[in-house]
């Protein structure tokens, strides 16, 4: 009896949470795929057709926005690697006893609602806003300077939104490096540059990849930044999906677009999980 | 020569780190500052003068206050439900090797790394297909879904470091499995469970995208702000944002300070 209880224990503990994930994460994905293969409208109901028509049509209509989103996501991740690496490096190797404090400061934006942070940026970047107006008065920027509504503003917003997600995984990877390995490189007459490029950077790569995964996925599917900081020239696929779902109730074609986005990102996610394992992302998530 | 290069590089990186932190804090400072602004028109965008009246009248806008209360209720429910379910998963995964653990791990990984947009829209697809109308209940369901994995991971991280000899000692002293869990294991896990619960609370109260899809016309704090953006945000929003920020920072600092000496003893 006791033994039966023992073998059942993990299943009983896992059951409620696992079921919740299956019913409200996995099943909805399947529902969405099925919806994407249906036809009809809200008034007359939807009929399953099994045709790929929704995919073909919505991709033809919105490929610009889809590609733009993937490009914005990629640029965001790249900029983030460049911005975040030195910070993660400094905290990991020179942070000393204040490492936790520095990481906490990097995480400060998360204590403010995502929408509110982005609205703050819009205030800062408005033509006569708190930031641009003084700079124009001082003659640092030309009077007709404008950034709001441009791709630069949207990407800058995305970079801001997801910076901590790049710093943390790189930091975790760098922190793991045994200082003796770096010392050994120096003992073997490696220059600072080559001990960085040949020893430290390769060891930090899993962290960089985890950071790319954790920033590229939310950045390329975001619609808050492009809605608040962009213009019709910067419309991203998230905005298309959001308005199709919530304003136009065009569920089949919205589902098709949403699943296309998911499929593109899933390929990336699973290649990642296969090649590098899920540990790094999970570890950062635990922080 | 090498030594000097290293010190120079480190100092530059130190300065750069502070510049980046300043950049991260800039919009937060603007949010806090404009809670003290005294705008003449509807737009709280340029500095007009200092006032404390928005702190006095912080709950004067009924719809905004209701939205904040709605956010708090959903966040508390999410934290409790996700806390319980996530602790179960985290404990089981950390304590036993069992069939299906790998699958569960993959499911959690997928739920953490999937875009919110897709999770939100697929939940909406399901609710629409089943004829369930969106509201506070569907929002809570969605919030528990995306935060349960985070709780599980935080708890598991603590469970794997548990010393098995504690359980053996309790058993030797005649404690049953059940007593051992509640009297020995649970108190040790409590700080981790608490961090998991707080994380779920924070994820829920901040969530916009998934709420946008699963909430229908229900207004949470972020949803209200989103809706009001076009007509201009009242300074009360800044005040509430500041209060949430200060409360969050305080809780994080206090719980960090309190857990510090314990860690040293354990080590």
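Just so it is clear, glycine is given a Cβ too, placed from its N, Cα and C backbone atoms.
Segment annotation: TrEMBL labels transmembrane segment over residues B:12-36 (candidates B:12-36, B:37-61).
The transmembrane segment annotation in TrEMBL falls on one of the ranges B:136-155, B:156-175, namely B:136-155. Residues 44, 47, 50-52, 54-55, 235, 238-239, 241-242, 245 of the same chain lie 6 or more positions beyond the ends of the transmembrane segment (B:12-36) yet place their CB under 8 Å from a CB of it. Long-range contacts of the transmembrane segment (B:184-205) within the same chain, counting only residues at least 6 positions beyond its ends with a Cβ under 8 Å from a Cβ of the stretch, are 71-72, 74-76, 78-80, 82-83, 86-87, 90-91, 143-144, 146-148, 150-152, 154-155, 157-159, 162, 166-167, 170, 175, 221, 244, 248, 251, 255, 259, 262. Nonlocal intrachain contacts for the transmembrane segment (B:67-94), taken as residues 6+ away from its ends with a CB within less than 8 angstroms of a stretch CB, comprise 101, 104-105, 108, 136, 139-140, 143-144, 147-160, 162, 189, 193, 196-198, 200-201, 203-205, 218-224, 240.
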